[in-house]
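Visitor: Below are the structure tokens for one structure; questions will follow.
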2 protein chains.
Amino acid sequence: MSQQRTGHEAGITGRVGAVTPSTVPDFPDLPEATVARLPEYLRALHHLAETGHDTVSSEGLALAAGVNSAKLRKDLSHLGSYGTRGVGYDIEPLVGQIEYILGLNKRRAVALVGVGNLGHALAGYAGFASRGFRIAALFDADLTRVGELINGIAVRHIGDIPEVVKSEAISIAVLATPAGAAQAVADQLVAAGVTSILNFAPVVLNLPEQVDVRKVDLAVELQILSFHEHRKSARGAEQAKAVARGAELAKAVARGAVNGSPVATLGEVAA
Amino acid sequence: MSQQRTGHEAGITGRVGAVTPSTVPDFPDLPEATVARLPEYLRALHHLAETGHDTVSSEGLALAAGVNSAKLRKDLSHLGSYGTRGVGYDIEPLVGQIEYILGLNKRRAVALVGVGNLGHALAGYAGFASRGFRIAALFDADLTRVGELINGIAVRHIGDIPEVVKSEAISIAVLATPAGAAQAVADQLVAAGVTSILNFAPVVLNLPEQVDVRKVDLAVELQILSFHEHRKSARGAEQAKAVARGAELAKAVARGAVNGSPVATLGEVAA
DNA sequence: CGTTGTGAACTGATTCACAGCG
DNA sequence: CGCTGTGAATCAGTTCACAACG
């Protein structure tokens, strides 16, 4: 079964590309955690470039990308050296390198299956077009939707998947079907030649392991936040006690509660 | 600054809830990685219950949730013991325990800000309602949208955020505004009392650390897949060589490429 | 002098493998 | 006997702290 990257998986394991002992030239082995952060760095860099910067320090870029600077430097060090000591990173070549690594040189064609509520919105999502992708085909099982034009492209029947995926040379698909249909559609996509799937349906797909699957489950994201809300309120009584002991202590506790770092136990700080 | 959980963060650190030396009764310390998987277990368990199961083995549940059974058992062991050796887990009490931990006993009220392309779809997303949440308020900055009814609830102006968030006791918000507006809106939400935000805008929010933020960036997900596509094609030549040495070897390589686990180098397998 | 790049230490998560139990 | 629950081992990722360098 293909690995299901849930989007908030903690122990993403392994080093991508570590297949052969010697690395393929110009394609370094990258920790999966680093790969997952590169798009965020890229976005931050584009923003910096647009606001007139030529260069940025690890501290500055880290701030813009929401990570700490040590992590950022370690991540970028995997790509080769694009920084100047005492100065920072040259934005333009760094953007180029990250785009190259992410395979964003050429605009990638993407198929979207399931033009319901969510799929319709995704089909019109401007962020895909502006960040390296082209929605090249839309599919739906519902014949009453077939032919509908969304953002200038016509919805086709899922029976056309094999033909269109081949003719458009599509390797990435977005799955926004109901849960019940997702597995069957995914099988068809893979049979047609798709090798990466972004799955919005709340099911675990069972696919050959060479297919990369990422799963985005909107309700799951809210449930994780709900856990944190529950925890915050369950700890309300404890927190109240802590606050009573002074503002500094309360801050430490809050930091501990959010970061989860072992900042201090109440006993230690109070002592 | 609040921790920005990007949804595919690898080194999610810390143990949630480890504030006091002694754990609050009925609220165990859970590794963040475990918390992030509980919603998936819950979904799988509901599905099993609906298909007539009373009990499930760690192996069976792991399969349904897309993880391995050791991880599943370790995760569930943190919640207390709900399994019977030689048999498996009782689904019903386990569902109850996970729902309790996730704070899904009571249906949580959620505000959604930004009723554009994506926000509109999220407002109508049935998965929220069916999995513990109630969209209690919709907001937009655009006066021409204010008053519009979506799924029976009226869009209000963002100026009403303080009033509505308080009256509806909303603690979780979904942010689906354009990037440029996100920070200002987030500040208003937090000022009004929101303590958890699900952010779809492609910006890093800068918020007090007691606010939990999760970020979902749809283009980032595709870019990560794009990386894997790029890698697969960059390795095409190497793979071809490997395949030539036999099917078993090719399978091992593919597994290694997807899982990233150090399955074998070509040399080792060939030897 | 300021900032990168990186070994070393540390932390958290996963996996192994088996004792313990129904 | 089969399956859970869990210590021990391993592994990946983060953070520290500082040498190297422009």
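The backbone N, Cα and C atoms fix where each Cβ goes, glycine too.
Automatic, uncurated: that is what TrEMBL annotation is.
As annotated in TrEMBL:
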{"type": "DNA_BIND", "residues": "B:40-79", "note": "DNA-binding region"}
{"type": "BINDING", "residues": "B:Gly114, B:Val115, B:Gly116, B:Asn117, B:Leu118, B:Gly119", "note": "NAD(+) binding site"}
{"type": "DOMAIN", "residues": "B:103-204", "note": "domain 'CoA-binding'"}
Visitor: Of these binding-site residues, B:Gly114, B:Val115, B:Gly116, B:Asn117, B:Leu118, which are close to chain A by the rule of a Cβ under 8 Å away?
Guide: B:Asn117, B:Leu118
Visitor: List, by number or range, the same-chain residues at least 6 past the DNA-binding region (B:40-79) whose CB is under 8 A from its CB atoms?
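Guide: Residues packing against the DNA-binding region (B:40-79) from afar: 28-31, 34, 87-92, 94-95, 97-99, 101-102, 131.
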Visitor: Within 10 Å of its Cβ, which one of these binding-site residues (B:Gly114, B:Gly116, B:Gly119) has the largest number of other Cβ atoms?
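Guide: Checking each of B:Gly114, B:Gly116, B:Gly119, the winner is B:Gly114.
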Visitor: Across the domain 'CoA-binding' (B:103-204), what are the DSSP residue counts per state (helix, strand, coil)?
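Guide: Residue counts for the domain 'CoA-binding' (B:103-204) by secondary structure: 36 helix, 29 strand, 37 coil.
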Visitor: Run through the DNA-binding region (B:40-79) and tell me, per DSSP, how many residues are helix, strand and coil.
Guide: 29 helix, 2 strand, 9 coil
Visitor: Sorted by position, what residues of the same chain at least six away from B:Leu118 (NAD(+) binding site) have a C-beta under 8 A from it?
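Guide: B:Leu118 (NAD(+) binding site) has long-range Cβ partners B:Ala176, B:Phe200.
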Visitor: For the binding-site residues listed here (B:Val115, B:Asn117), which one has the lowest count of neighbouring CB atoms within 10 Å of its own CB?
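Guide: Among the binding-site residues B:Val115, B:Asn117, the sparsest Cβ neighbourhood within 10 Å belongs to B:Asn117.
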Visitor: Express the predicted model's confidence over the domain 'CoA-binding' (B:103-204) as a mean pLDDT, rounded to an integer.
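Guide: Reported value for the domain 'CoA-binding' (B:103-204) is a mean pLDDT of 97.
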